[in-house]
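Participant: There's a structure below that I have some questions on.
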Amino acid sequence: MDKKRSSLKGSLLLLLLLVSDLLLCKSVASLPICPSGAVNCQVSLRELFDRAVILSHYIHNLSSEMFNEFDKRYAQGRGFVTKAINSCHTSSLSTPEDKEQAQQIHHEDLLNLILRVLRSWNDPLYHLVSEVRGMQEAPEAILSKAIEIEEQNRRLLEGMEKIVGQVQPRIKENEVYSVWSGLPSLQMADEDSRLFAFYNLLHCLRRDSHKIDNYLKLLKCRIVYDSNC
């Protein structure tokens with residue numbers, strides 16, 4: 001009996017910690033960088049990075065959950081996992097594949113790369129939401145996550161623009177991004193082809209959100225803590 005009580009207490013404690021962490025992410029993610037109507041609002045670089053790291057991690061978690069839910073609901077028995085994943089539309093941006101590669105890139109270049117990846121997802125995320133809404137019996141769990149990711153991607157982009165403005169204030173970065181042309185694939189009449197297009201897009205979103213999450217943690221350590229972390 002004591003062992004069961006101990007196990008139950010441990011499970012409840014873990015659940016409380018997970019809920020607390022989720023509420024923290026949602027709270028921080030919902031805060032604008034500056035309050036509406038604020039004049040000469042100044043936010044420290046450290047605080048900007050703190051928010052960006054929490055937000056990027058939140059987006060990656062949502063992306064992973066959405067991919068897993070889509071896979072479970074639509075991909076089972078269709079052989080999607082055995083198909084070669086098509087090249088992601090952001091592949092042309094030559095993002096580093098791991099931490100070791102990212103460490104070789106100058107921080108200003110890595111910051112601008114993050115901006116480009118985030119901008120490259122504005123259009124596909126907008127259309128992802130609209131196309132999921134149009135799906136027969138659109139699952140609320142997937143739709144709500146798509147809506148949330150689209151909104152938080154905009155917030156993260158806003159925060160990253162402020163970070164770049166503080167790190168390299170004299171340089172105006174061109175709004176370079178990779179163009180997405182996958183909308184026709186999401187609207188195909190053939191169900192298998194259409195669902196695989198969704199599967200591929202969600203796979204790419206999970207991949208890119210994971211990269212951004214890792215890049216931001218590396219940059220926070222390098223810029224805010226002078227690599228002493």
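Every residue, even glycine, has its Cβ placed from backbone N, Cα and C.
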Participant: Choosing among C88, C221, C229, which residue does Swiss-Prot name as bonded to C204 by a disulfide?
Facilitator: C88
Participant: Consult Swiss-Prot and report which candidate among C41, C221 shares a disulfide bond with C229.
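Facilitator: Partner cysteine, according to Swiss-Prot: C221.
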Participant: Let me make sure I understand the structure: which of the disulfide-bonded residues listed (C88, C204, C221, C229) has the fewest other Cβ atoms within 10 A of its Cβ?
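Facilitator: C229, out of the disulfide-bonded residues C88, C204, C221, C229, has the fewest neighbouring Cβ atoms within 10 Å.
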Participant: Can you tell me which of the recorded positions C88, S120, C204, C221, C229 is spatially closest to N61 (N-linked glycosylation site)? Compare CA atoms only.
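Facilitator: The smallest Cα gap between N61 (N-linked glycosylation site) and any of the recorded positions is with C204.
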Participant: Could you measure between S64 (phosphoserine) and C204 (disulfide bond) for me? Cα positions, answer in whole angstrom.
Facilitator: 10
Participant: Which one is closest to C204 (disulfide bond) in space, judged by CA to CA distance, out of the recorded positions S56, S120, C221, C229?
Facilitator: S120
Participant: Given the recorded positions S56, C88, S120, which one's Cα is the least distant from that of C229 (disulfide bond)?
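Facilitator: Result for C229 (disulfide bond): the nearest of the recorded positions is S56.
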Participant: Looking only at C-alpha atoms, tell me how far C221 (disulfide bond) is from S120 (phosphoserine), rounded to the nearest Å.
Facilitator: 25
